[in-house]
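S.K.: Would you mind keeping the following structure in view while I ask a few things?
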């Protein structure tokens, strides 16, 4: 990575380096090639260590899995297995997608993402406000629920062993999800900037149309600006493709891991309540309930900007006395076709679009799962044995 990053962005990218999620050296790192090799070796070490931890938990004779009944044991094993799936996807993709990630940041700097002057810390916080709220709200909620839970819940050996090994996997999954959000916020920033500039062009043309005041070469000016905006949009579209190339598999794995955890914990919550088992640790799914909406909100926020750009594009006046320009109309049509053929569409390997309708489908799937559990759990009671 070349260029200069703001302090907020630099700090959080450094955090992702420590977690093994970001394998590129940051601006200012000495000997970038050696730093890259060390980061990749660190990611590989974390992958092997965490995978060994999960295998040890699954096959150890200690109480990492719930031993009270096979149902609880299977639930804990399922959470470990899908957490391992998420870990594999995260670190293997980190190791294999360096080129896509490097291209993403190169395009970001090319579009003006580097801070050439002194930018106040307050401005940086405002720029990444939504990402910072998602990140630190999740961290605060997770810590607060843990601190509150263990004041009322007896800490058995099983709970100590399970949560001391499973909770790090949960945090890695959450932080990877918020890494997606950070990159989507950078995409959204470029798109909203383009929308503002298109709005200014529409205002210029409308003012010229209503007042009859313009300057020689006004048509050429508008056309040049439109061509420039088309190039910017093309670079933003390339950023999207690089984002998908860098994170596609781990997006699917992380969302699946979080969704499976929610479904399993909801199932086990009803099972515990039905069998009068005192177990309050299912409250720990509350942060998980916020993770998927946070990512989908960031994804949806990117995708909804493109129709607004198209709206501003078609607000440019071309049929007034001062700028009755067939060439300008043709340029607008060309840009419109570009928006149509290069859509900002964020999906999981082409399987499903990551918009708000996905939340509805996931809620329905968990609801269906709970309906089946309500019908089948009585069959596990002694009267049916």
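Cβ atoms are placed via backbone N, Cα and C, with glycine included.
Predicted, not measured: the structure shown is a model, and the values here were computed from it.
The following feature annotations were taken from Swiss-Prot:
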TOPO_DOM  1-38  topological domain 'Cytoplasmic'
TRANSMEM  39-59  transmembrane segment
TOPO_DOM  60-69  topological domain 'Extracellular'
TRANSMEM  70-90  transmembrane segment
TOPO_DOM  91-131  topological domain 'Cytoplasmic'
TRANSMEM  132-152  transmembrane segment
TRANSMEM  155-175  transmembrane segment
TOPO_DOM  176-248  topological domain 'Cytoplasmic'
TRANSMEM  249-269  transmembrane segment
TOPO_DOM  270-284  topological domain 'Extracellular'
TRANSMEM  285-305  transmembrane segment
TOPO_DOM  306-347  topological domain 'Cytoplasmic'
TRANSMEM  348-372  transmembrane segment
TOPO_DOM  373-385  topological domain 'Extracellular'
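Show me how these features fit into the shown structure, please.
M.R.: Long-range contacts of the topological domain 'Cytoplasmic' (1-38) within the same chain: residues 45-47, 90-91, 94-95, 98, 101-102, 105-106, 109, 113-116, 119, 121, 124-125, 127-128, 131-132, 135, 172, 175-176, 179, 182, each at least 6 residues beyond the stretch ends and with a Cβ under 8 Å from a Cβ of the stretch.
Taking Cβ pairs closer than 8 Å, the transmembrane segment (39-59) reaches residues 17, 19-25, 65, 77, 80-81, 83-84, 87-88, 91-92, 94-95, 98, 161-162, 165-166, 168-169, 172 in its own chain, all 6 or more past its ends.
Long-range Cβ contacts of the topological domain 'Extracellular' (60-69) within its own chain (Cβ-Cβ under 8 Å, at least 6 residues beyond either end) map to 75-77, 80, 156-158, 161-162, 165, 277.
With a cut-off of 8 Å between Cβ atoms, the residues of this chain six or more beyond the transmembrane segment (70-90) that come close are 21, 47, 50-51, 54, 57-58, 64, 162, 166, 169-170, 172-173, 176, 249-250, 252-254, 256-257, 260-261, 264, 267-268, 271, 380.
Within the chain carrying the topological domain 'Cytoplasmic' (91-131), a Cβ under 8 angstroms from the stretch's Cβ atoms is held by residues 1-9, 12, 20-24, 36, 40, 43-44, 46-47, 50, 178, 181-183, 185-186, 189-190, 232, 235-236, 238-239, 242-243, 245-250, 298, all 6 or more beyond its ends.
With a threshold of 8 Å between CB atoms, the same-chain residues lying at least 6 positions outside the transmembrane segment (132-152) that come near it are 8, 12, 125, 167, 170-171, 174-175, 178, 181, 280-281, 283-284, 286-287, 290-291, 294, 298.
For the transmembrane segment (249-269), same-chain residues at least 6 beyond its ends with a Cβ under 8 Å from one of its own Cβ atoms are 71-72, 75, 78-79, 82-83, 85-86, 88-90, 92-94, 170, 173, 176-177, 180, 282, 284-285, 288-289, 291-292, 295, 348-349, 351, 354, 362, 365-366, 369-370, 373.
Regional average pLDDT for the topological domain 'Extracellular' (270-284) in the model is 73.
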S.K.: Using a Cβ-Cβ cut-off of under 8 Å, list the residues of the same chain that are 6+ residues beyond the ends of the transmembrane segment (155-175) and lie near it.
M.R.: 15-16, 19, 21, 50, 53-54, 57, 62-67, 76, 79-80, 83-84, 86-87, 90, 135, 138, 142, 146, 254, 257-258, 261, 281, 287-288, 291
S.K.: Please spell out the DSSP helix, strand and coil residue counts for the topological domain 'Cytoplasmic' (176-248).
M.R.: 67 helix, 0 strand, 6 coil
S.K.: By Cβ distance under 8 Å, which residues at least 6 away from the ends of the topological domain 'Cytoplasmic' (306-347) in the same chain are close to it?
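M.R.: Counting only partners 6 or more residues beyond its ends, the topological domain 'Cytoplasmic' (306-347) has Cβ contacts under 8 Å with 184, 187, 191, 194-195, 198-199, 201-202, 205-206, 208-209, 212-214, 218-219, 222-223, 226-227, 229-230, 233-234, 236-237, 240, 244, 299, 353-354.
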